[in-house]
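Following: one structure in structure tokens, then a few remarks.
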Amino acid sequence: MSSEKAVEVHVAAERIRWRDDEEEGQLPHRSRSRTALQRSNSTDSLAIRSVHGRASIDPGVTLPIQYRTVSFQIEESKGKERAELARASEVAAKDLSDLEWHTISPHEVASRLVTSPTVGLSDPQAKRRLQEYGKNAPTPPKSNRALTIFGYFFKGFGGILLIGSILVFVSWKPLGEPNPQVANLALAIVLLVVFFIQAAFAMFQDWSTSRVMSSIKDMLPERCQVIRDGQIADIAAEELVPGDVVLVKSGNKLPADVRFIEVSPDIKFDRSVLTGESRPIPATVDSTDANYLETHNIGLQGTHCSIGSATGIVVATADRTVFGRIATLTNEPKTKMTTLEKEVLHFVFIICAIMLAMIIIVVVAWAAWLRTSHPDWINVPTLIVDCVSVAVAFIPEGLPIAITAGLTITANLMRKNKILCKSLNTVETLGAVSMICSDKTGTLTQGKMTVSDCSVGSKILTVDELRRNMASDDNNNDTEKQADEFHVFGQLASLSALCNGAEMDASQADVPIEKRNIFGDATDTAVLRFSELVSQGNVNYFRSCWKRVFELAFNSKNKFMIRCFTISRQEALDRTLTHQDAGDFKDDDL
């Protein structure tokens, strides 16, 4: 017993991974001595669009879950050989665990892929590999449209309704001639309408499931920079092939899986599209983990470069990338029925059995007694209509509609609480859930931050209050103390722009500051946007007044950032020093 407990403790310990800057038993300090920040939850922007229409659902909702599952399975598959891999995710985990690109040297990577880190591939090589590996684009999921449409109409009670409608049509004409009953025609039409309405609701429920693949391409870059024949070339991302040398800089998305061979000291990648983690991950040239998905020297397709620059060799494209594998797993057709579907099917069998028993009783009674004793009372058309009526009386035609409507109403209630359900089956599953556990807040956010308040000393102002005061032209009535306070807040905004690794998107100069793209991590982006708002768009001019000579980038161990500047313009002093201190400097001092 003691040895078994020891093994369990060892296995549990193996599942815990401490960061380099953490110690066992201690939690990392996340506080930063920066302007007050407010984290915006991703649920603010989520809505059950699939319930109301055919809009695509963000793959970012589903990819991180599958990514984490495969990551854990890689850890468990190390050192193990399975005789059978029953699930597709286990196959993907086994394939990824066999990859060695992150464990070998950059020189060995280039040698295996027959490429050069400085020259890249030649055009003939690239064309041959494009024919061999295909375009760098995700493969649409396979779907049997005919079988799917058949299921829309004949799942549940659809087949019985259609057969009943056909029988009633036959009882109207030709069996009802020479005096066909209009009531029989009306009943046949009603049954046919109910048949199509049920099929329409089945289509609606199916359309509400995930359409991740339709929006996958929107998450990948259209173009990228590569080195070919020793020259930097801008090519379509679909033309990328294994062995290409890719150049990445701040603001770019990785077009394929790459092995980094050169990185800048401050480079960081946002992997939230795959992992759900909002914290940027630094990139390295050397391996940091035996797990292919967790090491920092592999760049994964679709991830975003927050800051810095890097050079990497493409090791996988299209469906062979981690992004492609995970996307394929999330788009696999459903092979098992849900619990509710099983219960409904069981209920259908019971109802059908009782219905058939009653119909048999009616037919036997008519054939053995009524047909001989009362031949003019019930004829064959009337018997058919009576049997169909018995069947319709037993069949709850509105059951599929009621189930779909109930799930939709529940989904809408969840939407009001900012909870996204990518399919109505999710609502069904949540009916059996009593508790939902998440590892930490970072997996529930967009990775976007916003400055809400700022403080200097004991004075606290919201960003809107500070903007109004800084933009006001009527400062004549302000006391000297108030003027000094606002000047100090202006210094705070100026320094926030200087000691900041984020950059504005120059192509969006005409876009409002609140909506403008900013390249950088979440914290730097929030602080730079705050500085731009308060300074009324003068950040670029203010930065041009200083020349950076040294930088110590922020990291989770130091929890601070340092930049040293030399001044190039006298007017920059007014935004960083008090009026009295700025006056002590002369032009000769600069």
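Cβ atoms here come from the backbone N, Cα and C positions, even for glycine.
Heads up, TrEMBL stuff is auto-annotated, nobody curated it.
What TrEMBL annotates here:
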COMPBIAS  34-45  compositional bias 'Polar residues'
DOMAIN    100-173  domain 'Cation-transporting P-type ATPase N-terminal'
REGION    19-45  region 'Disordered'
TRANSMEM  152-172  transmembrane segment
TRANSMEM  184-204  transmembrane segment
TRANSMEM  344-369  transmembrane segment
TRANSMEM  389-414  transmembrane segment
Non-local residues, at least 6 beyond the ends, that sit with Cβ under 8 Å of the transmembrane segment (152-172)
180-181, 184-185, 187-189, 191-192, 194-195, 198-199, 202-203, 206, 344, 348, 352, 355, 380-382, 384-385, 387-388, 391-392, 395-397, 399-400
Residue numbers, six or more beyond the limits of the transmembrane segment (389-414), whose CB comes under 8 Å of its CB atoms:
48, 51, 155-157, 160-161, 164, 187, 191, 194, 197-198, 201-202, 204-205, 340, 344, 347, 351, 354-355, 358-359, 362, 421, 424, 427-428, 430
Tally of helix, strand and coil residues over the domain 'Cation-transporting P-type ATPase N-terminal' (100-173) according to DSSP?
43 helix, 1 strand, 30 coil
